[in-house]
Structures are given as structure tokens and as C-alpha cells.
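Notes follow once the structure below has been shown.
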Amino acid sequence: MSEKYVVTWDMLQIHARKLASRLLPAEQWKGIIAVSRGGLVPGALLARELGIRHVDTVCISSYDHDNQRELKVIKRAEGDGEGFIVVDDLVDTGGTAVAIREMYPKARFVTIFAKPAGQPLVDDYVIDIPQDTWIEQPWDMGVVFVPPLSGR
């Protein structure tokens, strides 16, 4: 990945609220299925905004930090997704999204970020991201002191 897009906690919450507003009325949903691990924080934010208490997970592994690898389903939520929102942080090349669609064909699949290759596979997303850009999520970063450029 040649570029990086840094996401702050504030930005993530703003984007999640925007996405939640598109999922109203909340009463239409039985629950949320968060895609582990990237969808866990967005899933919690959507659950808060929509007042949803039933939150489950589907655990899929496809990355080692910034290296994509073979898809592995570790754990899945039951059912076909009817009445559920499935949420992930990002749709990238679409590998995970294809697996999600197969597991939960009746769910509404949403992400905060979407790259061009994966956009057609999700029902909704908030932010367009170029395909060659790596997203640095706030849960992967720490706040550190950075000395001034002048050194004083």
C-alpha cells in the first residue's frame, strides 16, 4: 500500500453516527453482527446509536496487520442474517465481503470505509478510500509525543 489514511476516534464516531442515521428506524433490526476484529468497534458504536442490545460476531481472519492472506472463518453467528445489520470497518478487495454475503444473504451489510473493488458488495458505506491506501484505525495506534521539527 502506497498511501495511509489515518482515522481518529472522533472521525470514527462521526462516520458511525452518519451510518446509523441511514439505518433508522432502529425497530426494523433484530440485532447487529460485527465482523471481528475490524467491525467490533463500529458495531458497538452502531449498537449504541440505534439502541440495539443484541450484538453477535462473525470471526473472520484475512489480514496480518497490513498483509492480506487467505480467508479463515473462525466463528459465525447463526442464521441467514434476516433482520440483522452486518458491520465491518472496511470493504477492500471484497474477499471477506463475498464470504459475508454467502453466510448472511438476508442481512444488510454496511461498512464505514469502502475501496472501489469492494463497493458493489456492501449495501452502504460512508467514506470512499482509494484502492492503494492502507487505513490506520484508531485502535491500532497510540498517542505519543512528537518533538518539534526545530528540535527546541
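All residue numbers here begin at 1 and follow the chain in the order shown.
Note: Cβ is positioned from N, Cα and C throughout, glycine not excepted.
Quick look at what Swiss-Prot lists:
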type: BINDING; residues: R37, G38, R69, D88, D89, L90, V91, D92, T93, G94, G95, T96; note: 5-phospho-alpha-D-ribose 1-diphosphate binding site
type: BINDING; residues: R69, D92, T93, G94, G95, T96, W134, I135; note: GMP binding site
type: BINDING; residues: D89; note: Mg(2+) binding site
type: BINDING; residues: D92, I135; note: xanthine binding site
type: BINDING; residues: D92, I135; note: guanine binding site
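A 10 Å cutoff on Cβ-Cβ distances gives I135 (GMP binding site) a total of 21 other Cβ atoms nearby, all chains included. Under the three-state DSSP scheme, D89 (5-phospho-alpha-D-ribose 1-diphosphate binding site) falls in the strand class. With a 10 A radius on its CB, V91 (5-phospho-alpha-D-ribose 1-diphosphate binding site) counts 27 other CB atoms from all the protein chains.
If you take the C-beta of T96 (GMP binding site) and look for same-chain residues 6 or more apart in sequence within under 8 angstroms, you find V35, I60, S62, L71, D88. Taking the Cβ of D92 (GMP binding site) as centre and 10 Å as the limit, one finds 25 other Cβ atoms among all the protein chains shown. Secondary structure at I135 (GMP binding site), as computed by DSSP, is strand. Neighbour counts were taken at the CB atom with a 10 A radius for the binding-site residues R37, D89, G94; the maximum falls on D89.
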